[in-house]
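Accompanying notes for the structure given below.
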Amino acid sequence: LQAMSDNESASEEDWLALRPQEPSPSQCCGSGCKPCIYDVYEKELAQWERAKAMQDKSLLMGKKGQSNNSELNPDTFTAFSVSSVEQLTEDTYQYKFELPGNSSLRLSLGQHIVLRGVVNGLEVQRAYTPISPRNAEGYFEVLIKCYEAGLMSQYIKTWKRGDVVFWRGPFGGFPYQPNKHGELLMLASGTGLAPMIPILQSITDDEEDETFVTLVGCFPTFDKIYLKPLLQDLARYWNIRIFYVLSQETSLEKLPWSYQENTYTGRLNEDLMKTIVNSCRRKPFVLICGSSAFNEDMSRYLKAAGIEEDSCFVF
């Protein structure tokens, strides 16, 4: 009898151990994902309650909470292995993840994926946009800025080749169609460059796509510009222009001569915005990605330059 009751209590403990944990606010990345982490929790909780009522753990097998088949899924987290870590600037890194065989993430342009990390026992989730080409096979790459006091940054800084981390998605994205807009104006601050890169690459990869693009990258200093070789390559295409706005540089003299002509010092303000918009061949459709303060400032300057909200998309 004693043995039986021990089994029963062990069984109760087993079930409690399998019960999905309610997310804490830190786990919500705040990007409006569908399904949100809370939606996933409700679904998993209902599944657990059903399995427990029927005393059938096999009903939980469908719960791919930690899938290892490297198929990205918006409902559940999937394990991906870090294949390389490259430091781009003092606080920004490019991480490459393995995909099995020649498979591809198959994201739409500008879509983001959500990373799960555990720091000091606290689970945190953040959204990042892969910068690898959409058709990249066998891998994907993510650009991440690590902040000194950032919870997720503490976790990310520990990554090394071979580590396994968990992602889910994809979410969001910009519904880009070749030649739909005569000209795109991309305004990116720091890692806000990430969703712009796949769109730029899809335009340069498609000989039929004659969309003209003006990318404005805002960084503190020349040293902090990410992905310089890639951006230099893209700027060689007839339909791509790239400008840099460096808020903490006071002079262009120290910059390589190839950058002097298309770089501005100071901040991207209302006057500079008007100059850039007026230099576009036609009225542009604008893509914006940066901090919420940057996004608000850009929307205000664009309005002053005659670009209305319905001609803008904010990531």
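Each residue, glycine too, has its Cβ placed from N, Cα and C.
Within 10 Å of the C-beta of L143 (FAD binding site) there are 22 other C-beta atoms, taking all protein chains into account. Taken from TrEMBL, the feature FAD binding site covers R126, Y128, L143, K145, M152, S153.
Look at the domain 'FAD-binding FR-type' (75-177): DSSP puts its residues at 6 helix, 49 strand, 48 coil. The feature domain 'FAD-binding FR-type' is assigned by TrEMBL to 75-177.
The feature region 'Disordered' is assigned by TrEMBL to 1-29.
Apart from R126, Y128, L143, K145, M152, S153, the residues listed for FAD, the same chain places the Cβ atoms of L115, V142, I144, C146, G150, I156, T191 within 8 Å of the centroid of those Cβ atoms.
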